[in-house]
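K.L.:
Sharing a structure here in structure tokens format.
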Amino acid sequence: MQTKLFYFFVLLSFIPGFFLVQQEQFVALSIWIILITLFSLWYDWKFCLLNLTIVGFFIAFCYFVPAVKINQIVKNNFIRTPFINWIDQTTKGELNQYLKLFLINETTKNNLYQNALKLNIVHLFVISGFHLSFLFNLMERFLWKRWYLNKLSGFAVLLIYLFLVGFAFSALRVFISTLLKQVFKKQLPEDNLSLTALLIILISNHALNNFGFNFSFLACFVLLFVNKLKLLKALKPLVSSSLILIVISPLSLYLNSRLNAFSVLFNLLFSPIALFYFCVSWIILPFIGVFGQASFGIYLPLKMLSEWSLKVTVFLQIPKPNLIFFFVYYGLLGLLYTIFTVAYYDNNLWSRYWANSPKIKSNQKQFSI
């Protein structure tokens with residue numbers, strides 16, 4: 001049994017069940033359980049039994065256990081709160097907004113964040129897994145490797161950052177995923193995204209109701225998918241941006257009720273810019289007391305670019321999607337991903353469970369006769 005596919009299928013089976021239980025659609029839930037049972041049995045009875053057991057546990061856990069929202073419980077902690085107070089005392093106005101956005105994921109009353117939301121590129125301007133992975137990889141590569149000091153330092157920085165951003169799900173994803181990779185290097189596949197999602201749901205059982213959680217994991221699924229495709233290196237950013245737009249557009253529509261026709265181009269344009277300002281914000285932080293509000297000058301090009309982008313873009317007004325649309329849309333995407341994964345990434349699995357199945361072999365013999 002392929003663990004990567006198994007965790008993905010468990011997650012794919014659980015998510016509709018979670019929302020059906022929330023809506024108290026128990027008849028639809030029963031039909032869904034029958035469907036995933038039949039599909040699992042077609043694959044393997046052990047797979048079916050294990051999948052149903054885990055999915056049933058997660059649905060019961062989310063239904064009976066009171067809602068735990070870890071990102072709200074620990075948002076004001078002993079690291080984040082003093083840091084915010086220091087920024088508020090040292091800066092004001094737009095400089096205060098921009099520093100909070102790039103350093104600690106604070107989006108309240110932030111003009112740049114609102115512009116990014118309208119442009120459908122909001123995932124680039126919050127502290128994402130990409131930023132933290134970049135930070136950990138930087139420390140792992142360049143710090144002293146003896147006694148695993150580089151990895152220990154990397155985890156220490158990730159943990160501090162986790163408190164700084166108030167346990168945002170995108171940061172929690174990187175921390176758990178990186179920890180799993182380092183501790184269970186041989187036992188788990190390298191991209192343990194589905195397992196990480198299930199563990200976060202165990203920590204915060206209503207994580208699926210959080211848009212940050214959904215944006216982070218959906219975008220990451222797309223990036224992992226594209227990285228394994230045999231494409232020209234120059235084409236990968238374009239393909240990634242296009243697929244991310246396709247995958248997260250229902251969430252963007254739900255928040256904004258319109259789509260940016262130039263989203264793909266703006267994703268390509270703003271991706272390196274967002275990473276640049278993430279790094280620059282930390283570099284200028286020690287000098288804020290010296291230069292004061294003049295430090296905002298470094299953010300002026302970004303502000304002007306975001307405002308210009310709003311003026312030149314074309315918006316498509318589309319009705320806000322409902323729950324049924326989400327089920328159908330992401331159900332089809334999940335099914336296509338599963339089929340493509342089996343057929344493209346693992347030919348042995350495809351051959352073992354389909355091409356070499358008794359039914360197919362018997363049809364081949366009849367055809368040859």
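Even glycines carry a Cβ here, placed using N, Cα and C.
What Swiss-Prot records for this protein is below:
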type	residues	note
TRANSMEM	25-45	transmembrane segment
TRANSMEM	47-67	transmembrane segment
TRANSMEM	119-139	transmembrane segment
TRANSMEM	152-172	transmembrane segment
TRANSMEM	206-226	transmembrane segment
TRANSMEM	235-255	transmembrane segment
TRANSMEM	272-292	transmembrane segment
TRANSMEM	296-316	transmembrane segment
TRANSMEM	323-343	transmembrane segment
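Each of the listed features needs to be described in terms of its position in the shown structure.
P.N.:
For the transmembrane segment (47-67), the residues of the chain that approach it from at least six positions outside its boundaries are 1, 6, 9-10, 13-14, 17-18, 21, 29, 33, 36-37, 40-41, 198, 201-202, 205-206, judged by C-beta separation under 8 angstroms.
Outside the transmembrane segment (119-139), and at least 6 residues removed from its termini, the chain residues within Cβ reach (under 8 Å) are 101-102, 104-105, 107, 112-113, 150, 153-155, 157-158, 161, 165, 168, 170-171, 173-175, 177-178, 212, 215-216, 219-220, 244-245, 248-249, 252, 256, 259-260, 263, 266-267, 270-271, 274-275, 278, 306, 309-310, 313.
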K.L.:
Counting Cβ pairs under 8 Å that are 6 or more apart in sequence, does the total for the transmembrane segment (323-343) and the transmembrane segment (235-255) reach three or more?
P.N.:
yes
K.L.:
Take the transmembrane segment (296-316) and find every residue of the same chain, 6 or more past its ends, with a Cβ under 8 Å from one of its Cβ atoms.
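P.N.:
Apart from its flanks, the transmembrane segment (296-316) reaches 93-95, 98, 111-112, 115-116, 118-119, 258-262, 266, 269, 273, 277, 280, 284.
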